[in-house]
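The block underneath contains the structure these notes are about, expressed in structure tokens.
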Amino acid sequence: MRQCMKFFPLLALVVISLTGTATVRAATGLNPPVKLVWHYYKVTNTCDDAEAYIRHQVEKLYKNDTTIAPKLLRLLYSDCMVNGCDASVLLQGPNSERTAPQNRGLGGFVIIDRIKKVLESRCPGVVSCADILNLATRDAVHMAGAPSYPVLTGRRDGGALSADAVDLPSPSISVEESLAYFNSKGLDVLDMTTLLGAHSMGKTHCSHIVNRLYNFKNTGKPDPTMNTTLVSQLRYLCPPRTQKGQTDPLVYLNPDSGSSNRFSSSYYSRVLSHNAVLGVDQQLLYNEDSNEITQEFASSFEDFRKSFALSMSRMGSINVLTDNEGEIRRDCRVTNVNYGA
């Protein structure tokens, strides 16, 4: 369901005070048909405490390693945005989806494998890897400061995809290209601007930003939209890539949150002050709608949290498999036909 609105009804008064008559066409719910169920495993009496088991494992892991929040966020995005939320990215293999260049540095696999092992010991062959990934991500980012948004369940797991099937875009694309990509997945400008806010924590490789630092669009100069102080800071961390086999350091996507891995709206403040690390993030200023939304979220963390809850639910419903589609893997790393092989 879509309508012309000020982002959300709850945000309308705030947006009016900032932008007068500006409006954005945004979704107010999940894309139909919604085939998932609230508390599916309890409703079907197949694994009543599945969500509690997952939450408990995530809590234990998070206490020792807060990086699981950005790792799981990226893992879920990489799964849902390619072929729908079917856990295909979790499958191993020499030419599997996870080996695609766009998925370099992807983490969180061990977390899902550990949770799956616990669930198989309690409810064998019942809880899908796709549901585990969605629920574990929700719980981890909630511990990092995000809202505990509702995750509908009942997903089933899909088959293997090749690395060539991965269509995740470059982090240097324009805002028009970024919006076209999100639109192709059934998501809109509010979803795009909100989901890019996941970059409020986590890291990226220097190779994704060196062009912005040294040779933006083959000019031999840095990106002119980038704050000069940030350019200097990142050049210190990311030397020019001049040699084959050169190391590729990691830098924080949001230096404001850094190693704390806290979910916050400081990402949007950085975009507004031209301090975004990735080019695609800085591009939010160059679309009228995404600019208005960025200003809104920079001024109100609570509005960002509300929008994040809806957009994560919308992304989690992309092309899901349910009923007799797909399978429930016994091991998230292999399809059932290869289980035990």
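Quick reminder: no glycine exception, Cβ is built from N, Cα and C everywhere.
TrEMBL: automatically predicted annotations, no manual curation.
Since we're looking at a predicted model, the values are computed, not measured.
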Cysteine paired with Cys47, where TrEMBL records a disulfide bond, from Cys4, Cys123, Cys129, Cys206:
Cys123
If you count CB neighbours within 10 Å, which one among the binding-site residues Asp79, Asp86, Glu97, Asp256 has the smallest count?
Asp256
Cβ within 8 Å of the Ca(2+) 1 site's Cβ centroid: which residues qualify beyond Asp79, Val82, Gly84, Asp86, Ser88, Glu97?
Ser78, Cys80, Asn83, Cys85, Ala87, Val89, Gly158, Leu161
